[in-house]
Amino acid sequence: MQLDNILSQLFENQALTKAESQYFFEQVIQGNVSNEQLAGALIALKVRGETIEEIAGAVEAAFANATTFPTPDYDFADIVGTGGDGQNTINISTASAIVAATLGYKVAKHGSRSVSSKTGASDVLSALGINVAISPQTARQALDENNLCFLFAPLYHAGFKHAVPVRQTLKTRTLFNILGPLVNPAHAKRQLLGVYSPEVLKIYAETVRTLNHQHSIVVYGSGLDEVAVHGETLVAEIEDDKIHYFSLIPEDFGVQRHSIEALRGGEPTENAEKITVLLQGKGEAAHIDAVAVNTAMLMRTFGERNLKANVQRVKDLLRTDKAYQTLQKLAQYQ
């Protein structure tokens, strides 16, 4: 296979096979593609729209070159968004992961520093005093003992660093936004995946189905890569090799509506302060409800289908400081 041929295909608007995509992204990960070539390829893919085969090939390339994580044989999940929704909200997925772990659900959260928003998952966790760069063995220990670990993407997918200058220069969503949530190094087979557009929802669901997940849910929440409390959430639920599409509104979870402005965050320190207050049992109503609906959806991937009951469990918890204790325990893993 020749890199030049693959680039020519992309520039002539031809889709790549899974094998061609895997080859191309392995070349990227190994540092064999120039910034100019990569920028051109990512834009060509974005403008045409990435296919399931192209995304799946990139996923295979990432896993083939990743640092291994000792995957446990018990059930665990991930909750992660593509980012790139441009809304700069507080880190709802990160807070939800901490809450779910406190309720007894094991979560291996995959994430990185922000490239296309103000504050990524690892930015806010660092501000909360968490060492995001712990070894795979220490992270596994945290998952075993504390129901929660954070897997810092650059540690596991070191080759992605070759794409960072291009991503930062382009300042737009690319296949790497799509890729991140799908390449959890622990190989999570239960995931709540947030996407940045309704168009990506279907292609994401189809891609997840090819990756043999047990029970995963893809959501797009009226402009957010999360379950929304300000409007409708489009849902694709992947279970037993079938995809079920439906939509939900805040009332389906038993919560009231809040404006998206009520969820706005900012720099990592600001987001960390808001999340700390929330986990200590003193959160704002909008923050509580946003975390409750997202945690409720994550619980569903473990078979807890009653969303209103799930929300109630979260709200009861967020009247205490138990979730903050989980965060403090996580900070002890160095």
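Heads up, the Cβ atoms here are built off N, Cα and C, so glycines get one too.
Going by Swiss-Prot, these are the annotated features:
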BINDING   G81  anthranilate 1 binding site
BINDING   G81, 84-85, T89, 91-94, 109-117, A121  5-phospho-alpha-D-ribose 1-diphosphate binding site
BINDING   S93, E226  Mg(2+) 1 binding site
BINDING   R167  anthranilate 2 binding site
BINDING   D225, E226  Mg(2+) 2 binding site
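In the three-state DSSP reading, E226 (Mg(2+) 1 binding site) counts as coil. Per Cα geometry, G81 is the residue among the binding-site residues G81, R167, D225 nearest to S93 (5-phospho-alpha-D-ribose 1-diphosphate binding site). Using Cα positions, the member of the binding-site residues G81, T89, R113, R167 nearest to D225 (Mg(2+) 2 binding site) is identified as G81.
With a cut-off of 8 Å between CB atoms and residues at least 6 apart in sequence, the same chain places G81, T89, I92, S93, G194, V219, A290, N294 near E226 (Mg(2+) 1 binding site), listed in sequence order.
Here the C-alpha separation of H110 (5-phospho-alpha-D-ribose 1-diphosphate binding site) and R167 (anthranilate 2 binding site) works out to 19 Å. It is R113, among the binding-site residues H110, R113, R167, whose Cβ has the fewest other Cβ atoms within 10 Å in the structure shown.
Minimal Cβ crowding within 10 Å, among the binding-site residues G81, T89, D225, is found at T89. Secondary structure at R113 (5-phospho-alpha-D-ribose 1-diphosphate binding site), as computed by DSSP, is coil. T89 (5-phospho-alpha-D-ribose 1-diphosphate binding site) falls within a strand when secondary structure is assigned with DSSP.
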